[in-house]
Amino acid sequence: MTEPLFVIPLWADLLAVGLGGVQGALFASGFVGRQRLDLLGVTLIGIVMGMGGGLIRDLLLNVTPTTLQSNWYLLTAVGASLVGMLLAGVFRRLNAVIVALDAVVIGLFGAFGTAKALALGLPFVPAVFVGVCSAVGGGILRDVILGLPVAIMHVGSLYAVAAGVGCVVLAGSAALGAPIAVAAIACVVVTTVIRLLAVIFDISLPEQRALHRRKVAIETSAIPIIRPSDG
Amino acid sequence: MTEPLFVIPLWADLLAVGLGGVQGALFASGFVGRQRLDLLGVTLIGIVMGMGGGLIRDLLLNVTPTTLQSNWYLLTAVGASLVGMLLAGVFRRLNAVIVALDAVVIGLFGAFGTAKALALGLPFVPAVFVGVCSAVGGGILRDVILGLPVAIMHVGSLYAVAAGVGCVVLAGSAALGAPIAVAAIACVVVTTVIRLLAVIFDISLPEQRALHRRKVAIETSAIPIIRPSDG
Amino acid sequence: MTEPLFVIPLWADLLAVGLGGVQGALFASGFVGRQRLDLLGVTLIGIVMGMGGGLIRDLLLNVTPTTLQSNWYLLTAVGASLVGMLLAGVFRRLNAVIVALDAVVIGLFGAFGTAKALALGLPFVPAVFVGVCSAVGGGILRDVILGLPVAIMHVGSLYAVAAGVGCVVLAGSAALGAPIAVAAIACVVVTTVIRLLAVIFDISLPEQRALHRRKVAIETSAIPIIRPSDG
């Protein structure tokens, strides 16, 4: 079998890292009162959100982390964190923009994860798994480090499912012979659209059995647009 | 030194993954009220419990994760999670069966972890360490993701110790020239017996100094057979 | 490029593991009342603090963990944990000694992490990142496993910053042609001095915006010298 020479373009990779870093810093800046983070804390969360997905992907694939092969990834993540922190006030008024960006970031990390896994010869199901872990892994790390309930365990709006469907589309298209770049774009589009539709129409997964009242509260904690001060 | 060609049979590996997945889903289904998990959450915990031990083992050994080389691992873990979720009501009445299954799962993961570490040339002590991490790693990941106190840090009933003794038996037998399959079976038997005896007779490790009142509460949280609804 | 044949001397590596293990056990022994840990729990935290930094470093570098290539690392970590536990009463009166040891440990792990990353060909920025992760990774793992707020996210006394500056000094000196051993010693000294000055003069990073009242409470939880019993 010929090694499929799939290389994620550096600009695309850095775009995902940068958007993730901005997201992370916005999230971390949302803590007020006693839980307030200092400058370093906000930057660390930006790094975790910008680079966590790629690190988890490369750990699962047992390859040397791409994000540590060049100075640019960390510099981008730190720079994006500072931008996110400074512009937190502005961004917060652009709620729709933040949600849309977040959806695109999930799509990008899912696409890169699945594509890299397929390029390394993983079968369909684990390739999709690696993609989903790349997409949601940064958020899980963020929540664990901040001591928050892990959002995707409770969130109602099809967060991980959006990533999963996008990764399945990528892996399926690739299996049917589509060029990987086209399949990756399809993945990002599908993930973004599902996620946005889920947010707009407030769709959630079926409960195990009973009604789930906590959804709204947790959903807002996933992207803390408005978080009343407790201090 | 000839590389000991130890290969865990796929059926045995999938058996451990499946039993782990059922365990995880039973555990996750036990959350009621505000903490209730949705369908995806229960499945994720099933995947974590079924595949977490193997992933941690392969990360520590710096080899490509076996569980991602075939579609079967994830399909088994997901299928087992669904079975565990659907049959949660039935299983819960079979308390003894659950505890016994859990003990066998710890034994299997400990045996596979230690055997693989020895096969890769690790010395005695780290091989046992990798085995114990395989055995208890899935549970640690589960507790961290669910935001629970990590069970093995507080549990009284010799959970990690049972795994450790089993792994020592395996590594010791192998050092004395026993066939690895025999040593692995001994490991599973020893781990299971110690764990079950500890549960039956409520044996615990010595405290640092004082009495430890929290044991019973935490022990039940490790396997939430009965968990009164709070909603 | 010739591979720089940098090998951390075993005695230095074991020194860091041992000091980390003592630190971890002292920390874990500090829990009283309902949160009291048993013998195994204290030892596990000692292992996490003694070996966690090295494991995280080797995972990020995608090399086989050094700490699992020899029996000595685990034996040292376990032995150090027992020493730390037994002498907890004595050590606690030597507050200054504990803080100083902790500062040296951060410096050692930071130096080993950065030096190994540079030896493997990583660029400047990611090499420093790996060093900082080695220095603070054990503490993050400890806090996550114990269900505590992650100290470096909230701590005021320049904990991670001290490690970062030390790692920058190492990487910078190496880039300017200094022998790696000299650069490593400079790293340890710089990290230790910054950390101690920060503790002595109670220096902290600038807030994002407002006053940060929680600093003292969290800082004491990072090294629980005095922790009133709640049971």
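Backbone N, Cα and C define each Cβ position, glycine as well.
Caution: TrEMBL annotation is automatic and unverified by curators.
Listed in TrEMBL:
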TRANSMEM  B:6-27  transmembrane segment
DOMAIN    B:10-87  domain 'Glycine transporter'
TRANSMEM  B:39-60  transmembrane segment
TRANSMEM  B:72-91  transmembrane segment
TRANSMEM  B:98-118  transmembrane segment
DOMAIN    B:100-171  domain 'Glycine transporter'
TRANSMEM  B:124-145  transmembrane segment
TRANSMEM  B:157-176  transmembrane segment
TRANSMEM  B:182-205  transmembrane segment
Check the transmembrane segment (B:98-118) against each of B:39-60, B:124-145, B:182-205 and return whichever range has the most CB pairs under 8 Å.
B:182-205
When the domain 'Glycine transporter' (B:10-87) is classified with DSSP, how many of its residues are helical, how many are strand and how many are coil?
65 helix, 1 strand, 12 coil
Report, as numbers and ranges, which residues of the same chain sit near the transmembrane segment (B:182-205): CB under 8 Å and 6 or more residues beyond its ends.
99-100, 102-104, 106-108, 110-112, 114-115, 131, 135, 156-159, 161-163, 165-167, 169-171, 173-174, 212, 215
